[in-house]
């Protein structure tokens, strides 16, 4: 009995190596920073980078397998592994950003820089766990791990009142919505007596359920997810936190925490509320269990999210705040992939996440560099920037064009697949809303570009120079944005085989 | 009405009554102390529900940990002896409407649904069962919880620590 | 004998009081107390379900909710203390550098 358990445990640990290596790295970061932190300021960053590379190695080795470990608490499958790549890439890029960030260098945060990388890694660990959790306990815990790390990161620059204020609003909204979510979870438990999402599904199918309770608990649970992905009724924290937090943290939250929320949301919906005994005509289509208006709920959420995000973004003059609303809008676009309730939509969502990773991190990087050189994130300082810093302006324009979804960029490919999945599933009205929203978003993205290139060039300010390191980082982000806009077949194939989830068709 | 029922009503009354005081009291210290009674009331209800381990944990963690933490928070952020410790409210109307709607729906739902309704299981102490589960089926969440606590611990220290200002 | 739904109603009442408190109070510490009320009500519902269903999984979840509540409240209070050092107020509507 005990021996069997030990064998089982070692088996599980073998398939848990990416998470284990992240945990080891974060402990090492804190220890080494304590010992050597005075002599080598950036030791935390380099240990983190090394740890992330090791984790990437284990994650690549894991790709393709599909099994559950730790007695059905956690699964390893292509779907979660795909998201792990996204988290690793974004953590890697963010650590490099942080090495160059003036905010972390010139404030009191420099005395706490080792711990900063610790929290970046703990957030990544939480995101990893969110992607693979199949038990509501694990889902709740890993969501909280991500949340708590991000509360701390958002308030990292203590002397900045904006930063600590952002952090406080984040905690209050976060605690409220996770409270709603856990209430929903308790109702699901009351209905089924189970917390494993496969067992919950089996219980729904075998012993029946009342659709009304199910809908209420689904809406309550969606409050928790909606807060993580900043979908509209739960988006209030987003602009404040994105504006108040250090830029590196904002960029990180906008990619990793959102992707983790989506990864968990889709797995939860697909595993718990889909009747797999029914086969629909279309390949890879899901049949929602009877009486639950799941598609409609998500569709309304998606339409609201993108419309509110885009319309409020028009009025923003602070670039960080504008990008915050734009990231809300993007959550709405990505939700379109969920509305489809087909594997096709999920693969479109995965493609979009890769595109979003490069273009969004790139846009935030440009804002960070401009803020460092000019001391402001206001749209006014972008006037005539095209003449003072031509390279940065062109790169920034590419990111904005990609965020709008205009060819030949990666963002266009992402949107193309999302819209074609929608049209394929005949959800035409949402596709129309999506297209209209893209037109609205064009307005505020192009406003920045217009300011850069058509603003007064005669102001006679001296040109801004960037170090080679800055240019290299910009190139690393801009090349994929353009390259995958043209040469996208491998990405699409990769996404299409990555929709496979453990135990689900 | 059995003794059991009487105990339920008394505990329910204590819990709800003190919860109302927590929310409505204008003095933050009163709120904190009312919270103490809510926690004890809930712990008593756990005992009625045969959840001995959770009842003890409730008293240890909520009363012994969280409440003490909250009272420390109150002490550190208010000059108790200088300013009257008053707290006010904002936009009461809309909040009552919204929560009222949610509560009404949930009330109807709970009333209509057929839950498991017979307490037919004989529990002889849940501690052993919970302990075994924690070390086998729930090993991963148990370990993850330790990471969560480590992160919270470090974060709280980092954020609340006073910076040494070198001028 | 008390039926399960009574515990559920009790939990619902507690939950509503908690949510109402979060929405109407402006002192951040009181808001945290109300969040604790919400979590307590959830725990009560979970323990009720667990006892009447007859498996202890619900009580396991309660255990983890307790852990998370402790973690959340410690981080939240640390942030409140940091803000108080800067501003000398804990009322959330006076903390309005960023628009709500």
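Cβ atoms here come from the backbone N, Cα and C positions, even for glycine.
Caution: TrEMBL annotation is automatic and unverified by curators.
Record features (TrEMBL):
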type	residues	note
DOMAIN	A:133-440	domain 'NADH:quinone oxidoreductase/Mrp antiporter transmembrane'
TRANSMEM	A:20-36	transmembrane segment
TRANSMEM	A:43-61	transmembrane segment
TRANSMEM	A:81-102	transmembrane segment
TRANSMEM	A:114-131	transmembrane segment
TRANSMEM	A:170-189	transmembrane segment
TRANSMEM	A:209-227	transmembrane segment
TRANSMEM	A:322-341	transmembrane segment
TRANSMEM	A:348-371	transmembrane segment
TRANSMEM	A:391-418	transmembrane segment
TRANSMEM	A:427-446	transmembrane segment
TRANSMEM	A:466-488	transmembrane segment
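Of the Cβ pairs linking the transmembrane segment (A:348-371) with the transmembrane segment (A:209-227) and spaced 6 or more residues apart, fewer than 3 are under 8 Å, so the two regions do not touch.
When each of the listed stretches A:20-36, A:114-131, A:170-189, A:322-341, A:391-418 is scored by C-beta pairs under 8 angstroms to the transmembrane segment (A:81-102), A:114-131 comes out highest. If you look at the transmembrane segment (A:427-446) against the transmembrane segment (A:322-341), you find at least three C-beta pairs under 8 angstroms, all six or more positions apart, and that counts as contact. The list of residues near the transmembrane segment (A:170-189) in space but at least 6 beyond its ends in sequence, with Cβ under 8 angstroms from a Cβ of it, reads 136, 140, 143-144, 147, 150-151, 154-155, 195, 200, 213-214, 216-227, 234, 236-237, 240-241, 272. Same-chain residues lying 6 or more positions outside the transmembrane segment (A:466-488) and placing a CB less than 8 Å from one of its CB atoms are 93, 96-97, 100, 351, 354-355, 358-359, 361-362, 365-366, 369, 389, 391-392, 395, 398-399, 402, 407-413. Counting same-chain residues at least six beyond the ends of the transmembrane segment (A:43-61), those with a Cβ under 8 angstroms from any Cβ of the stretch are 17-18, 21-22, 24-26, 28-29, 32-33, 36-37, 81, 84-85, 88, 91-92, 95-96, 98-99, 113-118, 120-121, 124.
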